C-alpha cells in the first residue's frame with residue numbers, strides 16, 4: 001500500500017510487480033558495485049604519488065575492460081527479457097475489460113457481459129468523504145476478481161493517454177486508433193490506485209484510476225447488480 005512521504009515502490013500486488021522489484025534490486029546492486037569501483041579508482045588516481053598515470057598502455061587491461069562490461073550487460077539483459085516476455089504473455093484470460101481514455105476521464109466496458117459499461121470520473125475535492133484520497137477517488141470503481149488472469153484492452157478516443165497502476169506493475173499507453181493489451185493478476189484484495197501517466201492536456205492530473213479487487217463470488221454478485 002502507499003503512504004505519505006513514501007520514497008520507495010508500492011507493495012507488489014501481482015507476480016509481475018514482484019518480478020520487477022527483484023529485477024530493480026538486482027540491477028541496483030550491479031550499479032552500486034560499478035559506481036563504488038569507479039570512485040575507488042578515481043580516488044587512487046588523485047592521491048597516488050606515481051607519475052605518468054594517464055599514459056598507461058596495457059593490452060591486458062583493455063581486454064578486461066572490454067569483456068567485463070559485456071558480461072555485466074548480459075547479466076542485466078537476460079532477466080529483463082524474461083520479465084518482458086512474461087508481461088506480454090496472456091493465457092486464457094477469465095475476463096476481458098476494454099478501457100478507453102478521454103479528455104479527461106476513463107470509460108470501461110466488460111466485453112464478456114452484454115451491457116456492463118460505465119464512465120469513471122474523478123471525485124471533486126469538495127465532494128470527498130472523510131478518509132478518501134484527494135485527486136485519486138472516482139465515482140465508479142473498476143471491480144475485478146482477484147487471483148484470476150484478466151486481460152485489459154486499452155485505447156483512446158482523442159489524444160495519447162497512459163493507463164498506469166503502480167502496485168500491479170501496469171503502465172500501458174492508450175493510443176487513438178490502436179488497441180494495446182496488458183494482463184493483470186492480483187494476489188490480494190483491496191483498492192489499488194493509479195493515474196494517467198501521459199501528458200494529455202490541461203486536466204491531465206485529474207484522471208485517476210481505482211481498481212477494486214475482490215473475491216470471485218463478490219465480483220459475480222456485483223456484475224449481476226450492474227446488469
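Heads up, the Cβ atoms here are built off N, Cα and C, so glycines get one too.
What Swiss-Prot says about this protein:
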| type | residues | note |
| --- | --- | --- |
| BINDING | 161, 196, 200, 207 | Cu cation A1 binding site |
| BINDING | 196, 198, 200, 204 | Cu cation A2 binding site |
| BINDING | 198 | Mg(2+) binding site |
| MOD_RES | 218 | phosphotyrosine |
| TOPO_DOM | 1-14 | topological domain 'Mitochondrial intermembrane' |
| TOPO_DOM | 46-59 | topological domain 'Mitochondrial matrix' |
| TOPO_DOM | 88-227 | topological domain 'Mitochondrial intermembrane' |
| TRANSMEM | 15-45 | transmembrane segment |
| TRANSMEM | 60-87 | transmembrane segment |
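Residues 20-21, 24, 166-169, 184-188, 190, 192-193, 213 of the same chain, all 6+ positions outside the topological domain 'Mitochondrial intermembrane' (1-14), place their C-beta atoms under 8 angstroms from a C-beta of that stretch.
Counting Cβ atoms from all protein chains shown, residue 196 (Cu cation A1 binding site) has 25 others lying within 10 Å of its own Cβ. Separating the Cα atoms of residue 196 (Cu cation A1 binding site) and residue 204 (Cu cation A2 binding site) is a whole-number distance of 7 Å. Apart from the site residues 161, 196, 200, 207, the chain places the Cβ of 101, 103, 104, 106, 162, 174, 195, 197, 198, 201, 204 no farther than 8 Å from the centroid of the site's Cβ atoms, the recorded Cu cation A1 location. Outside the transmembrane segment (15-45) by six or more residues, the chain places 9, 53, 72, 75-76, 79-80, 83, 86-87, 167-169, 183-185, 187 with a CB less than 8 A from a CB of the stretch. Sparsest Cβ environment among the binding-site residues 200, 207 (other Cβ atoms counted within 10 Å): 200. Summary of the Cu cation A2 site environment: with the site residues 196, 198, 200, 204 set aside, the chain residues having Cβ atoms within 8 Å of the Cβ mean position are 101, 104, 159, 160, 161, 162, 197, 199, 201, 207. The number of other Cβ atoms within 10 Å of the Cβ belonging to residue 161 (Cu cation A1 binding site), over all protein chains shown, comes to 30.
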